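These features come from TrEMBL:
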- 547-611: domain 'CBS' (DOMAIN)
- 643-703: domain 'CBS' (DOMAIN)
- 104-126: transmembrane segment (TRANSMEM)
- 203-227: transmembrane segment (TRANSMEM)
- 277-298: transmembrane segment (TRANSMEM)
- 318-335: transmembrane segment (TRANSMEM)
- 388-408: transmembrane segment (TRANSMEM)
- 415-434: transmembrane segment (TRANSMEM)
- 462-487: transmembrane segment (TRANSMEM)
Amino acid sequence: MAMWQGAMDNRGFQQGSFNSFQSSSSDEDLMDIPETAMDFSMRDDVPPLDGDIEGIITSDDNLPPLLKTHYSEALTGAVWAKTSFSLFSLLQGAFAYIVNYFMYVLWALLFAFLAVSLVKVFAPYACGSGIPEIKTILSGFIIRGYLGKWTLMIKTITLVLAVSSGLSLGKEGPLVHVACCCGNILCHCFNKYRKNEAKRREVLSAAAAAGVSVAFGAPIGGVLFSLEEVSYYFPLKTLWRSFFAALVAAFTLRSINPFGNSRLVLFYVEFHTPWHLFELVPFILLGIFGGLWGALFIRTNIAWCRKRKTTQLGKYPVVEVLVVTAITAVLAFPNEYTRMSTSELISELFNDCGLLDSSKLCDYENRFNTSKAGELPDRPAGVGVYNAMWQLALTLILKIVITIFTFGMKIPSGLFIPSMAVGAITGRLLGVGMEQLAYYHHDWAIFNSWCSQGADCITPGLYAMVGAAACLGGVTRMTVSLVVIMFELTGGLEYIVPLMAAAMTSKWVADALGREGIYDAHIRLNGYPFLEAKEEFAHKTLAMDVMKPRRNDPLLAVLTQDSMTVEDVETIISETTYSGFPVVVSRESQRLVGFVLRRDLIISIENARKKQDGVVSTSIIYFTEHSPPMPPYTPPTLKLRNILDLSPFTVTDLTPMEIVVDIFRKLGLRQCLVTHNGRLLGIITKKDVLKHIAQMANQDPDSILFN
C-alpha cells in the first residue's frame, strides 16, 4: 500500500487535462469517492498517437517550458517507434508471404518429382487414370503386369504424392485401378478364377464398383458406373456380386470415418429451398456449358497427348511433370481458391450459406426481417462476394487450361474432381448472378409468381452441384451412374430432376461435337483393341470377308496333332508372332482338333527339356490322348494334350459379321476360328474386326494402330 500511496502523491496520475496540475482537488478527495476504481490508462490525458500530436502539445500553454520540451520529445519518439514497428510488421508480413510462397512451390515440386520418379523406375503402368486400360482388359484383351502387385504398390504411394503436389487431378479414377489390382491379386489365390479369364473379368467388374464406392462414398453409383462405363459384359450374377462388393467397401469406409463427419462423403450438403420450374432454364444452360467444356477438353487433351507421343516431349516425362507442377504452383498460390485442395473448393462451392458462415462466398449484407424462423432470404451481395466472384473466375480459367496439360502425364491422375471443380465454379457464378437478379428484380414476370421480396428463392450451391454434374457428364458421357453418384455424393435426393436435365443436355451437346468420351478417346489414342459395345454394326458382310488368310496371303500357321517334332514347333514359334495356333488332324484334311496358346507351348517345351529325360529336338509332339507305340531307340515323345483347348470358339464362313461382332463384344474373345463342315478355313482376331469396322466407315483400316 505504501508504494501505491507514493505513486498517488504524484499529481500526474489525476484524471483530467494537464490543467489539473493547478486544480485544488487533493489526492484525498480522489480517494474518498465511493465505488470508484482508479484509472491509470491516462486515456483522457494522452490522445491516440494517430491524432495531431504537435497541436496537442502547443495547445496547452500552461505547461512549464522544460516539461513541454520533454513531453514533446517523448511523443515524437513514440511516433517514430510506432512507425518503425508498422514498417517492421509490413516487412515481416511480406517476408513471411514470400517464404510461404517459396515453400509451397518447393513442396509441390518435391512431391511431383517423387511421384513421377517412382512411376518411371518401378511401375510405368501406374501412371494415368487406369480406366481406359480397365475397360480394355474387361473386353478380353490382356495387358500383362497392369494389375500386378508392383503396380498396386507404386500407384497407391504415388497417388498420395500426386494429389499432395497440388496438381489439377483427382484420385477417383486411379482408385478404380487400385481396386482392380486388389481383385486381380486375390484371383490368383483361387484356382476357379486363376484359370478362367471370364470369371476373373467378373471379379474385376465388381472391383471397379468397389473402387468407385470407396472413392465417392457412393455404393449404388459404383455399381451403375461399372455397368455403364467400365464393364463389357455384365450379367445378373455380376450385378449382385458387384453390389455386395460395393456394400462391403462402403461399410468399411464408414467404419474408418476418414472425413471425421460420420458420413461417407466429403461434399454432403443440405439445401433448404426447393427448386422451381423456371430454374430448369439455367440448369439446361449449365448442361450446355458442360457439353461444350467436355468436347473442348477431349479434343485439346487428345491433341496434346498425341503430341507427347509423337515428339521428343514423350522422352522426358520427369521434366514435363516438373514444369507443369511449377507453373501450377506459381499461379495457384496467390489465389486462395486455387491454393486450397480441389475437394475443399468443391465442398465450399456446394455449401448453402448460413448466418454463421465466415466464407467470402457468404459475405452478404444482412438487410432482412425474416418472418419465418430458420429461413434466410436472398440478400444483396457484399464486398466479399464480389471479390470471391473475381477470384473464382480466375480459378475457372486456370482449371480449364491446366487440366488439359495435366491429365495424361506419367503420374496417377484422375479426371472426376477437376471436371467437377470446373462445373461447380461455373454453377456458383451463375447461381450468385441469378440470386442477385431475383433480389433486385423480384417484380419481373419470371420471378413474381414464385419469388417475393424477402423470400429465399435461389440457392447458389445447388447451381454448383448441377454444374459439376454437367461438366463431368460432358467429359465422360455418363448419364444414369452420374446422377446417382451425384445425389449419393451430396445427399441431394430432392434434386434428381435438375441433375438429370443437366446430365442429358451435356451428353447431347458433347455427342453432337464428338462421339467419344475421354476414356474411349484415350483407348483409341493408345491403340488398344477395344470394340465399343454401344455402337451397332449394321453391314451385311460375312465372316469369310474378314477372316485371314485371304486369297493371296500365306497359308495359316497350324500345328498337326501327331506329326510335328519339337524342332518344327519351335521354328514356327520363332518365325511368327501369333498368340496361338490351331491344331488340325493333318495338313491335308485341315480337320480342326483344337487351339493351343503360344505361351503355353513355350513353357511346356522348356519344362520338358529340363525335367523329362530324353526329350530332344527330334522328339515328336502329340496332342492326342494316346500316342502310338514307338520303335526302339527313338527319342521319347512329348505329350501336350493337357494344354490343348478342345472347344475353341468357331463360326462358319457364312456367319454374318453382325453376329460375329456381337460375339466378340459379349464374350470378350481375342480370336475366333472359321470353319466349313469342320474343316479349318481361317481365323478372325479382334484386330481384324476393328479394321473391318473402320473400312465399313470409309476409314483407312491401316490407320487403326495397335501399340
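Just so you know, the numbers here start at 1 and follow the chain as drawn.
Cβ atoms here come from the backbone N, Cα and C positions, even for glycine.
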_Under 8 Å between C-beta atoms and at least six residues away from its ends: which parts of the chain pack against the transmembrane segment (277-298)?_
400, 403-404, 419, 422-423, 426-427, 430-431, 434, 446-447, 450, 458, 463, 466-467, 469-477, 497-498, 501-514, 516-518, 521
*May I ask for the residues of the chain that lie six or more residues beyond the transmembrane segment (388-408) and have a Cβ under 8 Å from a Cβ within it?*
128-129, 167-169, 293, 297, 300-301, 304-305, 308, 324, 327-328, 331-332, 335-338, 345, 359-361, 363, 415, 418-419, 421-422, 425-426, 428-429, 432, 518, 522
*Is the transmembrane segment (415-434) packed against any residues at least 6 beyond its ends, judged by a Cβ distance under 8 Å, and which are they?*
129, 168-173, 215-216, 279, 282, 285-286, 289-290, 293-294, 297, 342-343, 345-346, 349-350, 361, 381, 385, 389, 392-393, 395-396, 399-400, 403, 406-407, 458-472, 474-476, 518
*For the transmembrane segment (104-126), which partner among 203-227, 318-335, 462-487 gives the most CB pairs under 8 Å?*
318-335
*Contact set, same chain, for the transmembrane segment (203-227): CB under 8 Å, 6 or more residues outside the stretch*: 134, 137-138, 147, 171-172, 175-180, 182-184, 186-187, 193, 234, 238-239, 241-250, 252-253, 263-266, 416, 478, 480-481, 484-486, 488-489
*Run through the domain 'CBS' (643-703) and tell me, per DSSP, how many residues are helix, strand and coil.*
26 helix, 18 strand, 17 coil
*For the domain 'CBS' (547-611), give the DSSP counts of helix residues, strand residues and coil residues.*
24 helix, 17 strand, 24 coil
*Restricting to the domain 'CBS' (547-611), report the mean pLDDT as a whole number.*
88
